[in-house]
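A.B. asks: My questions will all concern the structure given below.
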Amino acid sequence: MSTSQTPVQYVPAKPAKSIKLVDESQAKTNLLGMTQAQLAEYFKSIGEKAFRSTQVIRWIYQQGVTDFEQMTNLSKSLRDKLSANACVIPPKVIHRQYSDDGTRKWVFEVTGGSLVETVLIPADDSKLNGRKTLCISSQVGCALDCSFCSTGKQGFERDLTAAEILGQLWVANASYMTDENDSLDNVDHSLWANNVTNVVMMGMGEPLLNYRPVVSSMELMLSDHAYGLSKRRVTLSTSGVVPKMYELAKELDVALAISLHAPNDELRNELVPINKKYPLEQLMAAARNYVFDVNPRHKKHVTIEYVMLDGVNDSNEHAEQLVTLLGDLPSKINLIPFNPFPHADYDKSSNNRIHAFSNILIDAGFVCTIRQTRGDDIDAACGQLVGRVADRTRRSAAWQQSIKDRENS
Ligand code: SF4
């Protein structure tokens, strides 16, 4: 469902001079994405006090400073030591697209040449007070092969590091401090503001299959010394890696979303193949554990994501099965109109069908929303995160052309 017909601005990225790009020959330690504990260990390992970790974290995430020389509350000798041995390097932006509806998409080249995408979606509701949600990728491709997902069609390449995961957030915030040439050279870092208000681990990949870097990154999103986002504004979305859901429940308190997409095992085995390993009974038990058992004082709910596929999972009967499946699990259901991509096997459900499905859930007492598609002029809408870009031939051609254009400009 297209909500924006406005023309897209295609803006090949020009790396800002003040952002250092990856130089593997330097073999320096990248401090981006290190948790406070990891950074404290690092400082101890170079003969410095652990409390330096707090100072450096604040510089990186609250003022956007990546150049140690600008970290003025560090001694000159420490700044020199860090410059010689460490770096703060976000992933390299090779392409960016900004939609007129405020949606932004970046294509990053990570170490080894793989490409990942990140999308920032602003709320179009003024009541939501400037909410800007960043959809972050956790892996290059995905091994889980959900049948309706363009990322799944790519296959799995590799896990992202914490620097590559958190770097997506760093770059998204930095994008509001750049001028039209993407230069950060003239930015007054004391005026730095983190504009991204919400993060969803819902981009490319299954975050719970890249557990440690994802959890480290979310720790920094929550840390008051780094991004200080509220735990309700950081959401991890899983297709149902059940053992890791229990582990996460013990370790970190963030919002949980489940990519459900089907109300019975037979259909879910087809749409979300990991269901064969962890069927719905186990998945629902893990969801209940997350909501009820770990910290019952916190009022939590699970967000249920359900992509609406025409004639596949969108009947009244499916809605009724979903009501039964969720039972008394505090749930907010988010119906996602399918965004077809090249070679997709499915079509999107009609608006009437989606509303009929939604009404059954609402009548049963659930909060149910229908996701508004945003940024579809730049392939950033849900399910299009890779979208046409997943066509690698076309992607390579388009990006190579944009890189040539940039070099010639
Ligand atoms: S829906 Fe999520 S888990 Fe499934 S293939 Fe796509 S990225 Fe992977």
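Placed from the backbone N, Cα and C atoms, the Cβ positions cover glycine too.
These came from TrEMBL, pasted as-is:
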- E117: active site, proton acceptor (ACT_SITE)
- C382: active site, S-methylcysteine intermediate (ACT_SITE)
- C142, C146, C149: [4Fe-4S] cluster binding site (BINDING)
- G205, E206, S237, S259, L260, H261, N339: S-adenosyl-L-methionine binding site (BINDING)
- 128-377: domain 'Radical SAM core' (DOMAIN)
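Have a look at these and tell me how they're positioned relative to everything else.
C.D. replies: DSSP assigns E117 (active site, proton acceptor) to a strand segment in the three-state reduction.
Other Cβ atoms within 10 Å of the Cβ of C142 ([4Fe-4S] cluster binding site), summed over all protein chains shown, number 25.
In the shown protein chains, 22 other C-beta atoms lie within 10 A of the C-beta of S259 (S-adenosyl-L-methionine binding site).
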A.B. asks: Should any of the binding-site residues G205, E206, N339 have a Cα within 10 Å of the Cα of C142 ([4Fe-4S] cluster binding site), which are they?
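C.D. replies: If one measures from the Cα of C142 ([4Fe-4S] cluster binding site), the binding-site residues that come within 10 Å are G205, E206.
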A.B. asks: Around C146 ([4Fe-4S] cluster binding site), which residues of its chain at least 6 apart sit with Cβ under 8 Å of its Cβ?
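C.D. replies: Expected: G152, S239, S259, H261, L271, V272, P273.
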A.B. asks: Under DSSP, is H261 (S-adenosyl-L-methionine binding site) helix, strand or coil?
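C.D. replies: Going by the DSSP assignment, H261 (S-adenosyl-L-methionine binding site) belongs to neither helix nor strand, so it counts as coil.
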A.B. asks: Helix, strand or coil: which one is C142 ([4Fe-4S] cluster binding site) in, per DSSP?
C.D. replies: coil
A.B. asks: Starting from the Cβ centroid of C142, C146, C149, the recorded [4Fe-4S] cluster site, name every other residue in that chain with its Cβ within 8 Å, sequence order please.
C.D. replies: L144, D145, F148, S150, T151, G152, K153, E206, S239
A.B. asks: Can you count the other CB atoms that lie within 10 A of the CB of N339 (S-adenosyl-L-methionine binding site)?
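C.D. replies: N339 (S-adenosyl-L-methionine binding site) is surrounded by 22 other Cβ atoms within 10 Å.
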